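Read through the structure below, which is laid out as C-alpha cells, and then see the notes.
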Amino acid sequence: MTVTRSVVLGCGSYLPERILTNAELAAKVDTSDEWIVQRTGIKQRHIAAEGEFTSHLAIKAAQAALDDAGIDAQSIDLIVLATSTPDNTFPATAVAVQAALGIHHGAAFDLQAVCSGFVFAVATADNFLRGGSFKRALVIGAETFSRILDWNDRGTCVLFGDGAGAIVLEAQQGWGTSVDHGVLTTHLRSDGRHKSKLYVDGGPSSTGTVGHLRMEGREVFKHAVGMITGVIIDAFEASGTTPKDIDWFVPHQANKRIIDASAHKLHLAPEKVVLTVDRHGNTSAASIPLALDTAVKDGRIKKGNLVLLEAMGGGFTWGSALVRW
Ligand code: ACO
C-alpha cells in the first residue's frame, strides 16, 4: 500500500415531498409537457415546502449517508457542502448541518460552483483526505433552486428542482493504481468569460437582494458537450482507463439531450448512463449525489464498480471525477 485514497463508505439522499408536474407548470406559464419533455427530458421535479431550507434537506441526506455507511457522526471531521442556495448569506449551511449532527470538532464549510458544486466538493474533500488533514468527510450537494427561480420565466422555471444528496469518504491506503477503491482522479475547470450566460441577478454585495436565475439556454447548451467530454477525456488519460472500463456514468442531471450527446461522443453505452433528470429536474449541486444514491439503492452501482461523474454549470465551471465504488 503506497498511496492514500478517499474511499466511499456510504451515500444518502433526500427529496422534498411536494412534486410539481409539467402539467401543473403548464397551467401557470405558457409551456407544455410535450415541450419540456422533448427539450429536456424532465417530467416532474420536487419543491421544498415553506419553511423547509437547504440545510434541512442536507441534514436528512447526510444522516441517510451516515446510516448507509454504518458509522457514527462523531467520526466525521470534515463537511464540505456544495450549494448556490444557502439558508443565509452566512454562516455556511455546512455549519448548520454540523450542529444538527452534534459534531463540534473538525471543519465544515460551503463551496459554490453552481451545478458543478458536487464534483468540486468531492475534489476538495479528496485533496484534504489524501493530504492527511482529515480522516472522514461528508460531501453534500443540497439546493433549493425553487427559491431563486423567476416563476414567470418559462425559459428557466421549468428546468430546476430541489433536493439533496451526500456521500461519506474515508482516507484509506491503496496501491496507486486504477483498481484501487475510492476517488482515482478529479479534474476541475472554470472560465469566467462565460459568467453572464448563467447567473443570478442579485447578491449581498451588488443589489442587496437574493435575485433570480437568468440563463442564455442556447449558449449553455452550445458549450456543454465540448466542455464535459474534454474533462472526461482528461480523467481517462490521467487514470489509464477507457470508456469500456466504466461501469456507470453518473452525469449532472441538467438536460437529457446534453447527457445523451456527451455519452454518445464518448462511446459510453446508453445502458451505463444513470438518468434521474426525468423525476428530479436539474437540482444543481444535488443532482449527482441524488443520482448516485438512486443507482446504489436500486442495486445498479455495486462495490468495485468504476463510476464516472461529471458536471458543468454557471461560471462556467465544469469537472469530472472517477471513483471506484
Ligand atoms: N415552453 C415552451 N416554449 C419555450 C419554453 C418553455 N418552457 N422555453 C422557451 N420556449 C420557447 C422560446 O421562447 C423560443 O420561442 P421562439 O422561437 O418563438 O422565440 C423557443 O422555445 C426556442 O427557445 P430556445 O431557448 O432557443 O430553446 P432551446 O431549444 O435552446 O431549448 C433549453 C431551451 C431547454 C433551455 C436549452 O437551451 C437547454 O437545455 N440549454 C441548456 C441549459 C441548461 O441545461 N441549463 C442548466 C444549467 S447549466 C447546466 O446545468 C449544464
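Cβ coordinates come from backbone N, Cα and C, glycine included.
Nobody curates TrEMBL annotations by hand; they come from automatic prediction.
The active site annotation in TrEMBL covers CYS115, HIS252, ASN282. Per TrEMBL, domain 'Beta-ketoacyl-[acyl-carrier-protein] synthase III N-terminal' is recorded for 109-192. Feature annotation from TrEMBL assigns domain 'Beta-ketoacyl-[acyl-carrier-protein] synthase III C-terminal' to 237-325. The feature region 'ACP-binding' is assigned by TrEMBL to 253-257.
When DSSP labels each residue, the region 'ACP-binding' (253-257) comes out as 2 helix, 0 strand, 3 coil, counted as helix, strand and coil in that order. Set side by side, the active-site residues HIS252, ASN282 differ in how many other CB atoms lie within 10 angstroms of their CB, and the most is found at HIS252.
According to DSSP, the domain 'Beta-ketoacyl-[acyl-carrier-protein] synthase III N-terminal' (109-192) comprises 27 helix, 35 strand, 22 coil. Mean per-residue pLDDT, taken over the domain 'Beta-ketoacyl-[acyl-carrier-protein] synthase III C-terminal' (237-325), amounts to 98.
Using DSSP to sort the residues of the domain 'Beta-ketoacyl-[acyl-carrier-protein] synthase III C-terminal' (237-325) gives these counts of helix, strand and coil: 37 helix, 22 strand, 30 coil.
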